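The Zn(2+) 1 binding site annotation in TrEMBL covers CYS431, CYS434, CYS471, CYS474. Residues or ranges marked as Zn(2+) 2 binding site in TrEMBL: CYS440, CYS443, CYS458, CYS461. Annotation source TrEMBL lists domain 'Helicase ATP-binding' at 203-369. Among the features that TrEMBL reports, domain 'Helicase C-terminal' is placed at 463-623.
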Amino acid sequence: MIAEVIVDISNSDVDKVFDYIATDGVMPGHRVLVPFGRQRPEGVVLKLKERPDTNHTLRAIERILDPEPLILPEFLELAEFMRKKNLRYADCFRLFMPARLRGGSIRELKRNYLFINSECDFESEYAKLSVRAVAQRALFKELSAGALRESEVLERYSAAAVKALIDKNLIIKKALRTLRVPGGMNISAEKHVLTAAQQAVADAIEKGNGTFLLHGVTGSGKTEVYMHVIEKALESGKTAIMLVPEISLTPQMLGLFRARFGDGVAILHSGLSDGERTDEWTRLRTGEAKVALGARSAIFAPLQNVGAIIVDEEHDSSYISDSNPRYFTSDIAEFRAKYNGAKLIFGSATPSVESYYKAVKGEYTLLEMPERVGNAKLPILETVDMREEIKSGNTGMFSARLIREVRSALEGHNQVMLFLNRRGYASFLRCRQCGYVPKCPDCDVSLTYHKEDNTLRCHYCGAKYRSIDVCPICGYDDLKEGKTGTEKLEEETKRLFPEARVLRMDNDTTRKRDAYVDILTKFRRREADILVGTQMIAKGHDFKDVTLVGIIDADIALYYSDYRSAERTFQLITQVAGRAGRAEKEGKVVMQTYSPNHYVYKYAKSYDYKGFFRNEIRARELTKYPPFTKIIRMLSLSESERDAGNAARGMAQQIAAMRQKGSPILRIQVMQSAIKRIRAYYRYQVVVWIESSGEEAVCPALYELGRKYSTGGVSVFAEINPQQML
Ligand code: ADP
Ligand code: ZN
């Protein structure tokens, strides 16, 4: 027998399948060690076959690493599928297995735990401990509430304290296979009886098949529906995967699932240590856990017999990996749902235009929950025209209106969230007096301001204009804005409301592991009155005392050089607004804008997703953007500017030739990227518009072209519908 093996060699372009003589017992999915030149790298057996493809002398597999194949047959097929989407085999298997499992065998999962000796009476023993043995007393007390992992205890207590308690026979150390389950809040989540709307949706999912799009407003009880669907899957002996954006994996969410599914749920997210991730992965692989809850990468949960796959907040951009290996979570979800015959549910209060379009066309079954559970109302949205503030001499970040509303919320002992969306790099130019923003005449997207050479550029066609100092519409001559990040907002907030306790949440304040959980927990415990932050505060959180949400500059997402900017703005506003008035208290949202007449505000204000969608889809059709086309960007990187440019131009010529021969290509642009150099690499790109149905006809050829041009110091990366065109 011959085994085809994917060899995991890093720093190499080798991504081929190699033939080896199969030793006894080798099966597809086995991890093996193989001789490879002078190395003995690890590999995964893809399949077995009778005879080799060439008559080279073959070497034999050296060793099988696990008793049973670790990679399920489904994942071997998935690797083939992802290969067609331009991923390398080696990268696929990296996604399929936690890092710890590569380059080693599964470790024993036993861990040392410390327990209270069940034979001792806590109260009397505690009383006997010397008051001077502070650490011993504290630890003994803490353990009375439940066992802890030794390593965790040793982070906070001295080894001497532990030893003293063990010597006194008050506590016991035991190695247990019980795994540490990542933290979650202990909430007693009572199971709700589904409302009529929830029941209708649950029934439709149970009776129906294929893919569903659940469009439910914030607070409509989607989570309860998801849990119901998962329960049904478990009842019929199946398993389930639930994906949420990383940022929504709040302790609250974890607690909810833990309360409902106990140890049957495994949690996967980027905050886990390697060891924890391996533990959780193993529990899923062995079937000990039947529900995987996690962010994007949890779509690769090694579950068998999957009955339901749920993608919550499906519009969220975190579902598209933006660095290598690049993949669309929805592609993988569709593959796995089909393979397993599972129900696939995409849910959102603001579905992506592309998903909703699929629902309209009947590719997805559309399910709707237009109202909040119980009597909770959606908050009232108000726009404040910031141009008027400028006219009346107020150039600060807060409008007079917002200041009044914050004061009144604070006086009523309620909490406030202030949201400022901010992204680094370049931004747009805007007239604060009339709201004018320069756009690309050809591409209908806003131009991006580039400070280094004072130009305005289109990130799609590369058009470049000299920047302007004076507004061509109203003549206002102070177009440049100072920095207005969250730090500045925090400062301003403290200055305006000195009596309020303010917390800030953004990339800077959440670098440390668990920092964002700490901030949210503090806010929930009412240790602060105002939470200032970026996107991070927009999603999923449920604070009952928040009555006011302020959106400091609602336009920021609107003027990204991106065809999705209106969609993103609508989604952001709706999500942020969803944070207010979640419980009995009524909520209010104040949106500050320089373009109050933009259609996005009209629809956002009345929560009219459908109206927004109709408008947006018409615009996309006219301007030929997705879903009516697909945009493929071929990014060429090199330390030599000339080589990067030549590769891009060379590829563009070839693509033009493909078009000549009838390939469904609509438009080709070659240009220097908007950011022309990142680190030492010059960046050129070819942007190719193709017909939306043309992916299979065009993309493999483009990927091939990219590989051909990835040589001599040039690397080419292909991306479909890139999230940003920088
Ligand atoms: P969504 O995910 O759609 O934003 P949630 O699932 O968070 O909404 O539900 C909003 C609130 O309604 C939560 O506090 C939840 O506990 C509550 N809830 C959900 N379903 C029910 C129900 N059937 N009966 C009572 N309360 C419910
Ligand atoms: Zn353009």
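Placed from the backbone N, Cα and C atoms, the Cβ positions cover glycine too.
For CYS471 (Zn(2+) 1 binding site), the nearest of the binding-site residues CYS440, CYS443, CYS458, CYS461 in terms of C-alpha separation is CYS440. Other C-beta atoms found within 10 angstroms of the C-beta of CYS443 (Zn(2+) 2 binding site) number 21, with every protein chain shown included.
The Cα atom of CYS474 (Zn(2+) 1 binding site) lies nearest to that of CYS440, taking the binding-site residues CYS440, CYS443, CYS458, CYS461 as the candidates. Every protein chain considered, the tally of other Cβ atoms within 10 Å of the Cβ of CYS471 (Zn(2+) 1 binding site) stands at 20. Remark: CYS440 (Zn(2+) 2 binding site) has SER446, LEU447, CYS458, TYR460, CYS461, ALA463, SER561 as non-local neighbours, by Cβ distance under 8 Å and separation of at least 6 in sequence.
Taking CA atoms as the reference points, CYS434 (Zn(2+) 1 binding site) and CYS443 (Zn(2+) 2 binding site) are 23 Å apart. Taking only the Cα positions, the spacing between CYS443 (Zn(2+) 2 binding site) and CYS431 (Zn(2+) 1 binding site) is 21 angstrom. In this structure, CYS440, CYS443, CYS458, CYS461 are the binding-site residues from CYS440, CYS443, CYS458, CYS461, CYS471, CYS474 whose C-beta falls under 6 Å of some atom of ligand 2. Sitting within 8 Å of the Cβ centre of CYS431, CYS434, CYS471, CYS474, and not among those site residues for Zn(2+) 1, are the Cβ atoms of ARG432, GLN433, GLY435, TYR436, PRO472, ILE473, GLY475, TYR476.
Comparing the binding-site residues CYS434, CYS458, CYS461, CYS474 by how many other C-beta atoms lie within 10 angstroms of each C-beta, the top residue is CYS458. In the predicted model, residues of the domain 'Helicase C-terminal' (463-623) average a pLDDT of 85.
Under the three-state DSSP scheme, CYS434 (Zn(2+) 1 binding site) falls in the coil class.
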